[in-house]
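Sequence annotations record features per position, and here Swiss-Prot assigns region 'Disordered' to 1-34, 345-375, 640-668. The phosphoserine annotation in Swiss-Prot covers 29, 433, 435, 482, 485, 501. Marked as domain 'RRM 1' by Swiss-Prot: 195-273. As annotated by Swiss-Prot, domain 'RRM 2' applies to 295-418, with the evidence given as sequence analysis. Feature annotation from Swiss-Prot assigns compositional bias 'Low complexity' to 347-364. For 365-374, the entry in Swiss-Prot reads compositional bias 'Polar residues'. Annotated phosphothreonine per Swiss-Prot: 486, in sequence order. Per Swiss-Prot, domain 'RRM 3' is recorded for 540-638, and the stated evidence type is sequence analysis.
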């Protein structure tokens with residue numbers, strides 16, 4: 001196991017996927033004389049932990065009066081009263097074994113320890129002294145606190161109320177007689193489990209034993225989990241490690257983050273569960289979309305080149321320096337918590353920007369080559385986002401830099417508004433934005449049920465509508481989450497099942513309720529039929545062509561929001577996605593023919609419900625939005641299925657060769673290949689089941705059959721029918737890869753025919769077969 005002795009940069013983010021949102025970093029081995037770099041580390045690197053902070057921590061430290069042993073029950077009674085107050089405000093107590101040893105030190109010494117280790121104990125950067133019972137000049141160094149109680153609160157208001165009540169409790173006369181000293185501390189940017197870390201970049205050659213030896217040097221390991229590929233059985237190169245204390249995890253991050261082990265560079269960071277990261281993210285979004293609290297700013301119309309230096313590109317470092325230079329005059333503590341300035345390459349690997357110890361810019365691509373395509377890829381897109389310490393500084397930045405002339409460009413700076421994620425995952429846009437947005441009349445369509453969901457969707461990418469920082473109006477730029485989809489190679493015609501899908505076969509007849517309840521299964525001649533996505537199409541993601549070039553993401557969202565809950569919307573622009581596949585077959589123009597930031601005339605809309613997506617296609621495909629523009633709407637192609645239909649058929653043939661040893665028992669399965677999107681079919685079946693909660697008695701209609709051996713029966717679970725029971729029959733459906741579950745249907749079983757055919761039915765795509773007799777009879781009720 002080889003470990004390269006290299007200085008490591010401290011990075012605080014939620015994982016490798018977030019490395020393009022960079023904090024200002026400095027090397028741990030920076031020279032002591034460079035005070036500016038030290039100050040930068042103290043503020044930016046520490047404050048970046050706010051992106052992961054997910055709880056509010058309360059710490060109560062108590063030193064008891066010297067008492068007889070029989071009076072110890074009084075101390076326990078006081079402790080119980082404190083814990084009752086914590087529970088009253090829904091606080092969660094922290095296990096005593098998870099309490100850091102420095103919490104028992106006198107306050108002055110404890111603060112000295114934190115100051116000396118400020119570059120290590122990053123999780124303590126939000127700690128503040130709330131109140132204490134003695135003055136600083138009364139403190140002595142030869143004592144320790146006897147009891148330390150810690151609790152976590154979800155809401156800052158609960159923390160504040162608990163602090164007030166506990167402070168009054170400790171000051172009360174009966175309790176004060178038993179306490180010598182006490183102090184209360186708070187941390188509104190704490191981690192729930194500061195001992196948990198994420199480890200990325202693990203070389204596949206490293207064994208569990210080697211990893212355990214490497215990480216156990218910083219403390220006992222409670223647990224270690226490596227993630228493996230389920231199909232290949234190989235490690236994915238990342239995992240999770242838990243230490244008992246946050247100080248041990250912080251020391252590990254300090255020493256190993258950025259080190260090269262067995263040829264692979266480690267990325268180590270505090271770990272917060274995905275659900276917690278999503279909650280933190282949306283808390284920040286709510287704050288930023290509130291005009292009274294926002295701290296995140298959009299900066300547009302940035303110049304591409306520095307005219308004072310020939311062929312020199314503008315870097316994020318230069319933008320940050322200009323902002324700091326101006327605003328530090330008003331705010332001595334001014335700082336930028338995080339920033340994001342995308343490059344024209346629009347790839348995560350090349351858009352990641354960091355600072356080395358000399359302050360120069362480093363990226364995954366060489367910035368020395370300023371010629372040809374390399375220069376274009378390293379060039380910024382002309383816009384970015386920054387997050388400041390507080391709202392007051394954000395307002396000052398807008399006042400100072402909105403309209404500020406820099407290298408011949410007039411900057412556009414305003415509040416970065418993140419759109420609500422859609423229907424109503426969040427109501428983010430409740431307050432008017434500083435930006436000006438054109439309102440578009442919401443179109444009303446038929447068959448547009450609205451659903452009310454309160455779920456959140458994690459939004460990891462920022463986008464804006466105008467990608468050109470040097471032209472056009474950038475005042476209406478917003479950022480949205482991405483629609484991670486792949487364009488279809490050409491327009492896909494909407495597919496409606498043919499009549500043969502439910503034609504009457506030997507010994508069967510289609511149950512009448514199927515045609516009545518499942519609109520999508522009705523014949524094309526009916527007035528209302530839902531389109532069905534194929535297996536190589538996405539069930540909830542729409543590809544919309546021929547949209548007006550003036551439409552933005554918000555306009556496209558407003559157009560479709562009446563159909564149901566929308567997860568994300570994206571209008572594709574020049575200079576945006578570099579996907580080599582184009583949605584339009586006639587889209588052969590190069591980016592040089594169009595201004596950067598202009599719309600390509602197509603986009604994506606991702607719905608939460610597949611049925612809402614189908615209804616949107618039904619209502620808007622062929623819809624005339626203007627005199628010369630008619631929308632063309634279809635299901636988006638799945639990633640990796642961008643070839644023509646012929647190629648797709650060939651790929652399916654190739655895939656099917658894996659199962660060449662499997663031969664269907666009859667021609668029925670050959671006639672109905674699995675080409676429908678299974679998730680869509682499942683959603684359709686689920687909706688039908690919820691609408692048809694019919695009891696057994698409602699369907700059971702006893703009928704007289706000429707033969708006395710005939711028995712009326714009901715089928716309640718078409719999949720789990722008992723093949724040994726001659727009274728069970730299963731209706732035949734097209735092979736969707738599974739047997740759809742439907743409400744109970746009565747059938748009349750005729751006398752058994754010894755010569756009846758046996759038709760195998762594949763249940764849920766498994767290899768287990770269930771055989772059912774199919775005599776010459778018809779089903780009715």
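Backbone N, Cα and C define each Cβ position, glycine as well.
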Three-state composition of the domain 'RRM 3' (540-638), taking helix and strand from DSSP: 25 helix, 31 strand, 43 coil
Helix, strand and coil residues within the domain 'RRM 1' (195-273) as assigned by DSSP: 22 helix, 27 strand, 30 coil
Segment confidence, the domain 'RRM 3' (540-638), expressed as mean pLDDT: 82
